[in-house]
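Heads up, the thing below is written out as structure tokens.
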Amino acid sequence: MTSADTTAEPATGAKAARRGSAQQKLLAFASLIALVIVFSIASPNFFQVSNIMAILQAASVNGVLAIAVTLIIITGGIDLSIGTLMTFCAVMTGVVLTWLGAPLILGVVTAIATGMLSGLASGTFVAKMKIPPFIATLGMMLILKGLSLIVTGTRPIYFNDTPGFDLISRGSLIGAVIPGFPVPNGVLILFIVAGVVAWILSRTVLGRYTFALGSNEEAVRLSGVNADAWKMAIYAVSGAIVGIAGLLIASRLNSAQPALGLGYELEAIAAVVIGGTSLSGGRGTILGTLIGALIMAVLTNGLRVLSVAPEWQTVVTGAIIIVAVYADQLRRRDPS
Amino acid sequence: MFTRRHFTTAATALALTLGATAAKAQDGELYIPLISKGFQHQFWQAVNQGAEQAAEELGVRVTFEGPDNESQVDKQMDMLAAALANNPAAIGFAALDSQAAIPLLRQAQDAGVAVIAFDSGVDSDIPVATAATDNVAAAALAADKMAELIGGSGQVAVVAHDQTSRTGVDRRDGFVDQIEEAYPDIEIVAIEYGGGDQLESTEITRALLAAHPDLAGIFGTNEGSAIGVVNGVRESGAEDIVIVGYDSGQAQIDAIRDGVMAGAITQNPVGIGYETVKAAVAAARGEEVPADIDTGFYWYDQTNIDDPEIAAVLYQ
């Protein structure tokens with residue numbers, strides 16, 4: 001997956017950065033494999049096709065959210081609104097499909113457009129109004145949470161009248177082509193999103209500016225580039241990806257649950273940092289984030305399959321996040 | 001023709017009427033705030049509906065609010081404090097943490113405001129009455145039904161909504177204790193907590209199915225948990241898993257009609273709201289109120305889901 005091989009700073013120390021980023025991914029990937037091996041040895045029920053599919057599917061919503069917030073984090077920002085925005089996108093899809101009876105494709109467009117508009121709003125607050133991303137998206141998080149409840153009247157919207165809606169996440173196109181390999185569509189969508197965003201980051205102007213804004217925003221401004229516009233564009237793209245996560249969760253639950261969403265942003269951010277993206281901006285990869293989301297899913301599932309006490313599951317997950325980021329710090333301190 | 005003067009006159013009349021109504025509300029009506037554990041879930045909406053029904057019949061004014069989720073004990077305290085500041089006639093209170101609420105409840109008692117506990121009890125003698133489901137007995141009934149459905153032996157698991165709240169603990173223990181006491185051939189292989197979050201409970205169920213290939217049944221302890229279990233079983237394609245749920249909601253009702261879920265326990269949320277307000281009004285007027293108001297529970301499945309008695313307590 002070389003297209004995901006996005007380097008940190010295009011201008012300075014590109015070679016070292018590329019080596020560092022490769023090492024980081026190797027480390028994250030090695031941790032993922034190690035976890036899988038440990039769990040497989042510990043329980044014969046872990047490494048089974050159905051359980052692997054369960055893990056992949058568990059990674060799909062969080063993975064797509066994590067990819068969306070990776071873009072923002074690379075610019076040196078943060079987005080706390082992704083969890084409740086995901087829900088709001090699901091709700092708007094429900095409004096269009098169930099209440100208005102529109103065809104499925106319009107629901108898909110609505111989710112993505114809602115995400116994009118909300119991202120554009122966040123981007124405007126951050127870039128034009130100079131509100132720190134943490135505050136701007138904290139505000140958006142609450143606004144969107146409230147809007148979801150208001151629009152739905154606090155009742156879930158079901159998709160029973162839209163045949164095929166649940167197949168967005170649950171069906172298996174791959175399974176239809178290759179029998180016996182029933183990868184759910186939600187997982188396929190995760191990998192497609194990852195591939196496309198990795199391509200955007202490594203091969204397009206938007207990607208270049210994403211990194212440039214994160215490593216030295218002032219330099220971008222001084223070089224005559226409309227930094228604000230690019231930043232807004234990045235937030236809009238990120239929002240659109242959150243819209244896809246909204247579709248995935250709505251499809252999986254066959255409903256838009258207006259009370260859901262709070263807390264999902266932190267899990268996504270955890271996946272991003274486990275994947276080696278720096279919260280100070282300018283550095284990060286989609287492949288890393290993907291691995292981070294898989295590590296989270298493997299860990300949660302594995303501890304449950306091993307019947308570890310639920311209280312300890314959360315302690316272990318927290319500890320792993322700290323260890324992962326510390327390992328990353330150690331590697332970067334190493335001058336070689 | 002509708003002239004401007006007509007419009008002004010009509011508007012003035014309307015304003016006067018509204019003003020009069022508002023003034024009357026302030027003077028005569030009893031004000032009874034209900035502080036619940038939440039308001040976003042359908043269960044709480046149904047409680048609210050019952051409360052409003054009683055308010056209308058008895059001619060009192062009721063407000064209904066609760067925190068976003070069932071861990072926000074502090075937010076609930078703020079709501080309770082604000083409600084007390086509004087000089088209520090009585091207060092309905094569903095404690096997230098009954099110990100944490102005692103100082104405020106004592107303040108209510110000192111001010112002569114009657115407190116009616118609803119949904120779950122408060123460990124104190126301050127509330128004059130408690131309107132709640134006997135969750136332990138209800139979960140024991142779920143255990144009996146589960147045992148019957150899986151044929152008296154096999155492995156079962158519990159997907160609970162949390163490990164600290166009264167309802168979470170009572171339903172888990174009610175189920176587990178009944179199985180352990182009455183059904184020695186049934187083994188409880190796992191108890192997991194999904195916070196009532198549907199997606200989380202779905203992932204838990206898939207992990208449970210992977211970890212325990214011989215699992216015969218799963219009990220979901222509230223609406224979100226039960227729907228998560230249904231989702232997880234559907235996604236994994238597992239067959240012959242007996243699912244027993246709790247509460248209702250459209251998705252759970254559908255799952256029972258489809259036969260994916262064997263059946264569920266329903267409380268009487270409308271009744272909880274109704275009885276709470278009724279008891280609050282009685283207490284505020286100085287009338288005698290029974291200390292324990294059992295609002296009841298029912299088992300429902302494909303066979304009785306359309307019975308009027310059941311349909312009346314289910315919420316969509």
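In case you wondered, yes, glycine gets a Cβ from its N, Cα and C as well.
What TrEMBL lists as transmembrane segment is A:26-46, A:52-73, A:80-99, A:105-127, A:134-153, A:173-201, A:232-253, A:286-306.
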Are there 3 or more C-beta pairs under 8 Å linking the transmembrane segment (A:173-201) with the transmembrane segment (A:286-306), counting only pairs at least 6 apart in sequence? yes
Stretch contact, the transmembrane segment (A:173-201) with the transmembrane segment (A:80-99), Cβ-Cβ under 8 Å, 3+ pairs: no
Could you give the residue numbers and ranges of same-chain residues that sit at least 6 residues beyond the transmembrane segment (A:52-73) on either side and whose C-beta is under 8 angstroms from one of its C-beta atoms? 79, 82-83, 86, 133, 169, 182-184, 186-187, 189-190, 193-194, 197, 201, 210, 214, 234-235, 237-239, 241-242, 244-245, 248-249, 252, 264-265, 267-269, 271-272, 275, 277-279, 281, 284, 286, 289-290, 292-294, 296-298, 300-301
Cβ pairs under 8 Å only, please: of the recorded stretches A:26-46, A:80-99, A:105-127, A:134-153, which one is richest in them relative to the transmembrane segment (A:232-253)? A:105-127
Is it the case that the transmembrane segment (A:134-153) and the transmembrane segment (A:80-99) have 3 or more CB pairs under 8 Å, with pairs at least 6 apart in sequence? yes
Counting only residues at least 6 beyond its ends, the same-chain positions whose CB falls under 8 A of a CB in the transmembrane segment (A:105-127) are 77, 79, 81, 85, 88-90, 92-93, 95-97, 133, 136-137, 139-140, 144, 162, 165, 168, 227-229, 231-244, 246-247, 250
